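Taken straight from TrEMBL:
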- 6-31: transmembrane segment (TRANSMEM)
- 22-288: domain 'G-protein coupled receptors family 1 profile' (DOMAIN)
- 43-66: transmembrane segment (TRANSMEM)
- 86-113: transmembrane segment (TRANSMEM)
- 125-146: transmembrane segment (TRANSMEM)
- 166-187: transmembrane segment (TRANSMEM)
- 237-260: transmembrane segment (TRANSMEM)
- 272-291: transmembrane segment (TRANSMEM)
């Protein structure tokens with residue numbers, strides 16, 4: 001048992017380090033790059049990286065401490081209730097943030113003419129504030145349901161849900177998970193359809209007219225260059241959202257079943273789902289750094305002084 005717990009603690013510690021490094025890098029790069037700060041989609045990515053970083057530092061670190069030192073006072077149920085509130089708050093906030101990223105990018109791709117007028121920075125800030133406050137409303141009532149630490153899971157174990165609090169649980173599952181997940185899937189599906197059509201149109205025009213003119217000149221003349229850039233950035237957001245759905249969905253299914261005691265708490269399947277979710281707090285920023293060209297160049301600029309010192 002101790003050996004199994006040590007492996008789980010080591011797994012969580014590695015996830016925490018990756019979380020802090022990658023999310024901290026994204027936050028630093030966005031704050032230090034005026035071009036990225038002015039982009040509306042990047043504002044939501046900044047909020048997403050902040051919520052993921054807070055989850056890694058606040059909850060995942062506590063989980064590792066509890067598993068490695070079960071005799072501490074933090075293991076008490078009242079502290080578990082607090083951590084249940086924190087984990088639920090930051091988890092729902094991350095889902096709302098990545099949903100906002102997809103919806104904002106979909107508006108830029110599907111409605112390019114109205115995007116600059118409708119999606120202002122002030123409204124983006126209001127949406128970010130809503131994401132952080134509305135998710136807290138779902139988290140606070142967990143203190144009345146009752147929780148405790150599950151040492152086999154290094155995670156919060158919610159006590160058996162009865163009919164008195166099942167309504168709240170259903171509300172959290174619907175509005176805190178199912179509805180934003182459906183919006184996320186719809187936004188990315190709509191964006192994928194528009195991007196696919198634009199890609200085919202640009203490819204057809206380039207093939208037909210490329211015989212008589214330079215490809216770069218053609219792109220600048222017809223406006224296809226902007227379409228190509230929009231297509232690339234849209235694909236990046238789609239990949240990030242798809243990774244989030246694939247990683248978080250197993251955890252939602254396992255946790256929902258376990259909450260109603262349809263599966264065994266502390267199983268390897270449930271810990272694997274949790275490990276995937278812990279890893280996803282780093283995957284979002286990793287994919288954003290790897291796929292986004294402007295972010296990649298900004299990361300190189302930030303790290304260039306470190307490279308010079310090392311040399």
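Glycine is treated like the rest: Cβ placed from N, Cα and C.
Note that TrEMBL annotation is computational and uncurated.
Tertiary proximity for the transmembrane segment (6-31) is limited to same-chain residues at least six positions away from its ends with a CB under 8 Å from its CB atoms, namely 37, 42, 45-46, 49-50, 52-53, 55-57, 60-61, 63-64, 67-68, 154, 271, 275, 278-279, 281-282, 284-286, 288-289, 295, 298-299, 302. The stretch with the most CB contacts under 8 Å to the transmembrane segment (166-187), chosen from 43-66, 86-113, 272-291, is 86-113. For the transmembrane segment (86-113), the list of distant contacts is 40-41, 44-45, 47-48, 51-52, 54-55, 58-59, 119, 124, 127-128, 130-132, 134-136, 138-139, 142, 156, 172, 176-177, 180-181, 183-184, 187-188, 190-191, 194-195, 230, 233-234, 237, 240-241, 244, 248, 277, 281, 284: same-chain residues at least six beyond its ends, Cβ to Cβ under 8 Å.
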